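Report on the following structure.
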Amino acid sequence: MVEEGNIGASNKAVEEDNGPKGLYYCFWGPIYWFRMLAMETHWSFVFAVVSTYGISQGLGGALARVGTEYYMKDVQKVQPSESQVYTGITSIPWIVKPIWGLLTDVIPIRGYRRRPYFILSGLLGLVSMLVISLHGKLHLVFALMALTAGSAGVAIADVTVDACVAQNSNKNPSLAADMQSLCSLMSAIGALIGFSISGVFVHLIGPKGVFGLLTIPAALVFSVGIVLLEPHDVNFAYKEVSEKFLDAGKAMWRTLKCPEVWRPCLYMYLSFALSLNINEGLFYWYTDSKEGPLFSQETIGYIFSFGAVGALLGAILYQNILKDHPFRDLLFWIQLFYGLAGMLDLILVLRINLKFGIPDSVFVVIGEAVTQMIGRLKWMPLLVLSAKLCPSGIEGTFFALLMSIDNFGLLSSSWGGGLLLHTLNVTRTKFGNLWLAILIRNIFRLSPLGVLFLIPRGDPNSSILPTEMLGSEDETVAEESSNVELVSLVNSVDGR
């Protein structure tokens, strides 16, 4: 293993030495980098990452978001409060991500742990998107079932490719950072391209046509399950499956009972749940011809693409400037600015920006970029904190559990926002109380400051868990091979 690692490192060095330098490196550098990763891991692994992160989650996720909003508004003709609730329902598969992770790790199918789950994911996406795109007038219940099935397909593929990244990181430790960079880069590029073209496609072929296009990412994920290089395990003991599930459950429950763990978990849930999501109400207002600015489909896509740029800038800002600051101090200022940033929506809805000569399209782009940047700045320290709450031996599985808690908070936020829009009678054509909904949302965004004492005062370089829960280095190494299924989530932002 050491010799293979040295050979891999030397090959990487040779690639860098033989690679292009100077001005041409901007063009040839990424090509050499991709070729190096394909040679060191296998081309099918790189294809899996590009297909899952770049095309399925990045580009496909952007198309799906814009397409779903127009589908609910123009095809199903639901109220914004209802659309808010339905959006939360379709995100439920991401809440149960630990289950998908455990399934891919402890239950191989015909001797394979990853390939069958990629095939299952692709089939879910293909069938669900075809049903929505080809059916003339699909009943709302069946449409929700299809959208949820498509979301489940993306979530299963996400967990499965994370497990592949973890396995290859263990085999090629010197390339671990490159693999995570590949995942993040593909996701960011895919989202930027997807949001940029989403409005154009909605305008040209409609939301149902966009769902038809989403069969292409699903087909690529399906093809990953066919071509992926994976060892064949024919001697798996299926009788041990229930025991593994039981052991994982007991270990997670023991950890959650620790005050150093459940207190930050409670804060993370409340910080997301209390930041009410009323995006559907704003979207309906954006596209309204009487009270709103009547943005076109293309403009909506461009707005979201600038939001993706803002999120990327937030991640860069955190990584280079803010990553060493204490958790409690950093989250105080971020949560405060998150509430204040919501006032940009209030200024837009009240049309105050027009009094200063700022067009709606310019002001909404600024607001979206700022909001997404601050949202990412809020997310990043919580990711780091979650990683530090994971005890030795169950790091990956417990981290996925923490991400599920966060996703449940986002679900509560979406449903709470839908209830707020319904209570204030914000409908498809009535937006008189939308400003009040925004104001209430902004106040709720500040409310997590009252429970900030649940967050430890330490910084990312200090230990949070009790000493007895950290485990020794030898114990960690011994458990590593049996916990590979979700360990890469510690270094991955998801999902979603």
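In case you wondered, yes, glycine gets a Cβ from its N, Cα and C as well.
Taken from TrEMBL, the feature transmembrane segment applies to 43-64, 117-134, 140-161, 182-204, 210-229, 266-287, 299-318, 330-350, 356-375, 396-415, 435-455.
The stretches the transmembrane segment (435-455) and the transmembrane segment (140-161) do not meet in space: the count of Cβ pairs below 8 angstroms, excluding pairs fewer than 6 apart in sequence, stays at fewer than three. Contact between the transmembrane segment (299-318) and the transmembrane segment (356-375) is present: at least three CB pairs lie under 8 Å, with pairs separated by 6 or more positions in sequence. Relative to the transmembrane segment (43-64), the listed stretch 182-204 leads the set 117-134, 140-161, 182-204, 210-229, 356-375 in CB pairs under 8 A.
The stretch in 117-134, 140-161, 182-204, 330-350, 356-375 that contributes the largest number of Cβ pairs under 8 Å to the transmembrane segment (210-229) is 117-134. Same-chain neighbours of the transmembrane segment (117-134): 48, 56, 71, 100, 103-104, 109, 142-143, 146-147, 149-150, 152-154, 156-157, 160-161, 208-209, 211-212, 214-215, 217-226, 228, counting only residues six or more beyond its ends whose CB sits under 8 Å from a CB of the stretch.
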